[in-house]
Every structure is written in C-alpha cells, then in structure tokens.
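A.B. asks: Take this structure, written in structure tokens, and hold onto it; I'll ask about it next.
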Amino acid sequence: MPNEIFTINLNAQAIIPEAFILLGIVGTLLVDLAGEKTASKWAPSICYLSIGSSLLSLTLQWNNPVESAFLGSFNSDNLAIAFRAIIALSTLVSLLISWRYTEQSGSPIGEFAAIVLSATLGAMLLCGSTDLISVFISLETLSVASYLLSGYLKRDPRSSEAALKYLLVGSAAAAVYLYGSSFLYGLSGSTNLTTIGLEIINKPSFITSLALVFVLSTVAFKIAAVPFHQWTPDVYEGSPTPVVAFLSVGSKTAGFAFAIRILSTTFSSFDEEWKLLFTILAILSMALGNVVALAQTSMKRMLAYSSIGQAGFVMIGIVSGTQDGLSAAVLYLAAYLFMNLGAFSCVILFSLRTGSDRILDYSGLYQKDPLITLGLSLCLLSLGGLPPMLGFFGKIYLFFAGWANHQYLLVIVGLVTSVISIYYYISVIKMMVVKEPQEASEIVKSYPEVNWGIAGLPPLRVALYTCVAVTALGGILSNPLFKLANTAVSETPFLQDVIAAANNIS
C-alpha cells in the first residue's frame, strides 16, 4: 500500500495557475501583518505578479491540457483554461478599480486583496472540478470569500445587510447542492461526474430527476437566474462597488463553467429535461431582468437586473448545445467581462467623486466629466447589443447559434428583451448629455475638479481605458475571440462527445 501511494501521479501541474493565486494570498496576508502602510505599498504589486503569472501559465497550458489530475477530481482542459482566464482577468480589472475605493473607505488593503484572491482561487478551481467533493470545496471557497467581501465595509449597515442576505441564501443553495449530490452518490456509488453520468444512464427515476433539479437550482443561484435571483439586487446595492464588479463577472463565469461541465457529463442522458429547465430559466431571466431594470433609480441595482438578463442571453448558447452555441457562450462571457467592468469603472469613479449612486445624479455629467460620460456610454451601448460594439457581435453569435438549433422562442425573447434593455441604457446616456447647464443635477453642479494624480486613481484609469477600448473595438476583435472560444470547445473531449451524440440523435 505505501508503494502504491508513492506511484500515484497527481498531475499537479494542472493547478499551477491556482498555485500562483495561492502564493498571492500568502504574500498579501504577510504584508498586511507588517502594517497598513507596507500593505498599501506592496499588496497591489503582489496581486499583479500573482495574477500575471497565473495568466501566463494558463497561456502555456493552452492546447496542452492536463486531462485528469488529482485522481480524476480536476481537469485542465481547454474549456477550463478559457473560463479560468476570464476569471483571472476579471480579478485583475476588479483589483485595478478597487484600490482607491478601498483606501477611501478606510479598509485594510492587504486583507481585501487576500479575500479577493481567495474568491478567485475558488472560482478557478470550480471551472475544472470533475468530482462532487472538489466541486463543493471550490464552491464554498468562492462563496465564503464572497460573503466576506459583501460585508467588507463593516461600518456600513447596508454592507452588513448585504452580507447577511448573501450568507443565508448561499447557505441554502449549498445545502440544496449537497442534498442533490447525496442522491447522485447513492444512485452511482461514485463522486466522479463522468462515472455518475455513465451509472445513471439506465436508471431514469424520480430520484435522478430530483437530483437534477437540486443541482440546477445551485447553478441558477450562482449565475443569478430567475427565480433564484432575489439576492442579487440587494447584495449588489449594499456591497462595495468593486466587489459587485467582481461578483458580476467572476462568480457568474464560474457558475456557467460548472453548469456546462455537470450538465454535459453527469446529466448527458437527461438532455431534454435539463434543456427544458434551462430554457425556462433563460426566458424568465431575460424577461424579468430587463423589464424590472426599467424602473430602477440606483445605478448598481440597474446593473444588477441587467446582469440577470445577461445570464439569460448566455443560456441561449448552452441550451443550443452545438459547437457554435457553446463557443458563442464563451465569447459572450469574455465580452461581458470588458463591457460590464468598464461600466463599473465609471460608476466607481463617479461614486468616488460624488458619493452618489442615483441615476438622476448623473444628469449633465458630460459638462463636467466627458471621459466618464464617453466610457459609460460605450459600455452601456455594448451591453445593449448595439453595433459596432463587442456586445453586438457576442449577441449575434448567440442568436445565430440558437436559431440554427431551432431555439426560436429563446431567440425571439432575446431579441425583444435586447430592445427593452437598449431603452434603459440609452435613458442613462441621454441623462448624462443634457444640453442646458440648468438641467444638470445638484451633484454634478458641485462636481469636483478631475485630478488623476490622486493615489489609487492611475490603476483605475488603466482599467477604464482598457475595458472601453476593447468594448469599442468589438468589430475587429470579435472574429479572433470567437476562434479562441471555438478552439476551447473543439479541443475539449467531453464536449465533443456530447456534440457528436446530439448530432447522431438529430
């Protein structure tokens, strides 16, 4: 037995990107112990080095995947690499836009960075987890760090309320996942997702269907799909804005990665059932998310409901289940990273200078801060799907893939709700560019002079310029990005097996 233990090949190189993130966590905690002044100086550099090294190692793994690691509990295939890269990039941008906000709020920077990196670690591990136990550990690592981040402004009652709500709903979602997992283990005698899928093929039963519903409920909570979205607006409104920016992209991306993996492996024999449930979730998310966003007066609440609608669009690609559909879903999540975090960069800048989050307070902003106005306008137009922005091409790929797979209802609902979303996005833009000075809000009239030299603002500026540039140059970037997304799907064996099986049935 001891000899067998030493001959086990764990293929630990699969998690080298996560190892760099872990080193970053240790580094930020150590500088935090040295005092706030030392942490403020060194924590950002440690984070950049950690995330940069992680992204570099992911690049080196691309097309050289480690298919099975840690006795089959983790796969570093191309799909996992793509999702982990999106999460790492979202963390990098979220940190760039958070330094000034964290410093101004009087919160410890080293501690904040360590928790953000911990959430990133959990999210990245979730993307490649192929075992019920590793999924749960990754899920809880992400969730616990997210609860801490939501309540990070300890002296703000809204932040504490957001953390408590998130904790209660998240704990319920974790319990539901464990209950569903216990059914799957009882039916198959295994915790490996692929093995479970093979064992339950010939065991269609009420218990299996119940397990599917429970697991799908956890997925829906993670991606904030209706009707599991109730936590989203309150948590987004009460949490620190940089935290909201990270959760809206990083957490959602991890949720979709988990959804694709478990639905395509464990529940591949229940293809019609989960696609029907996902279709219902997508329609409800697109409709409710975009309609309720019309009535919002808070910018963060509006973006919260917008993110619910955006999740519905991504689900179109997953429901189609084709090569183009899954590639379009990956592409849209990459596009969503830049256009959503670009919008949040502008919201954070406005909040830092005015302390306000009300949409009405943006009236006349063009006269005092043309940069925020231009950046926010471009990102909102991209979220609405207007050409020639990156979001337009992302939606086009999704709608074409859905239509080709005969998902006509989903595509029609997607088109209608996209038009609805354009209305509330353009309403914000119209408000910012009012012509008459007297129409400007009182907040804008007393708007401070723009000074980019303040500590913490140069990184935010870099993030803003980068996100807006990528969003605006969508026409040039969409094709190479789609090719990368297509490679992520075509070079992932379990997805090719599922796509081939679906083609044979059709």
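Heads up, the Cβ atoms here are built off N, Cα and C, so glycines get one too.
Fair warning: this is a prediction, and the values are worked out from it, not measured in the lab.
Here's the feature list from Swiss-Prot:
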- 14-34: transmembrane segment (TRANSMEM)
- 42-62: transmembrane segment (TRANSMEM)
- 108-128: transmembrane segment (TRANSMEM)
- 132-152: transmembrane segment (TRANSMEM)
- 167-187: transmembrane segment (TRANSMEM)
- 206-226: transmembrane segment (TRANSMEM)
- 240-260: transmembrane segment (TRANSMEM)
- 276-296: transmembrane segment (TRANSMEM)
- 302-322: transmembrane segment (TRANSMEM)
- 330-350: transmembrane segment (TRANSMEM)
- 374-394: transmembrane segment (TRANSMEM)
- 409-429: transmembrane segment (TRANSMEM)
A.B. asks: Which listed stretch (42-62, 276-296, 302-322) has the most C-beta pairs under 8 A with the transmembrane segment (409-429)?
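C.D. replies: The stretch with the most close Cβ contacts to the transmembrane segment (409-429) is 276-296.
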A.B. asks: Six or more residues out from either end of the transmembrane segment (108-128), which same-chain residues have a Cβ under 8 Å from its Cβ atoms?
C.D. replies: 14-15, 17-18, 21-22, 24-25, 28-29, 31-33, 36, 39-40, 43-44, 46-47, 50-51, 54, 74-77, 79-80, 83-84, 87-88, 91, 94-95, 98-99, 102, 134-135, 137-146, 148-149, 152, 246, 250-251, 253-254, 257-258
A.B. asks: Return yes if the transmembrane segment (132-152) and the transmembrane segment (14-34) have at least 3 CB pairs under 8 Å (sequence gap of 6 or more), otherwise no.
C.D. replies: no
A.B. asks: I need to check the long-range neighbours of the transmembrane segment (167-187): which residues 6 or more away from its ends have a CB within less than 8 Å of a CB in the stretch?
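C.D. replies: Result: 132, 135-136, 139-140, 143, 146-147, 196, 199-200, 203, 205, 207-208, 210-215, 217-218, 221-222, 228, 230-231, 266.
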A.B. asks: For the transmembrane segment (330-350), which recorded stretch in the set 240-260, 276-296, 302-322 gives the largest number of Cβ pairs separated by under 8 Å?
C.D. replies: 240-260
A.B. asks: Counting only residues 6+ away from its ends, which parts of the chain sit with a Cβ under 8 Å from the transmembrane segment (302-322)?
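C.D. replies: For the transmembrane segment (302-322), the nonlocal Cβ contacts are 223-226, 229, 232-233, 235-237, 244, 248, 252, 256, 259-260, 263, 271, 275, 278-279, 281-290, 292-293, 296, 328-329, 332-333, 336, 340, 343-344, 347, 359, 383, 395, 397-399, 401-402, 404-405, 407, 410-411, 414, 417-418, 421, 424, 428, 498-499, 502.
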A.B. asks: Go through the chain and flag residues at least 6 beyond the ends of the transmembrane segment (276-296) whose CB is under 8 A from any CB in it; none is fine as an answer.
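C.D. replies: Tertiary neighbours of the transmembrane segment (276-296) are 212-213, 216, 220, 225-227, 229, 263, 302, 305-313, 315-316, 318-319, 359, 407, 409-410, 413-414, 417-418, 420-421, 423-424.
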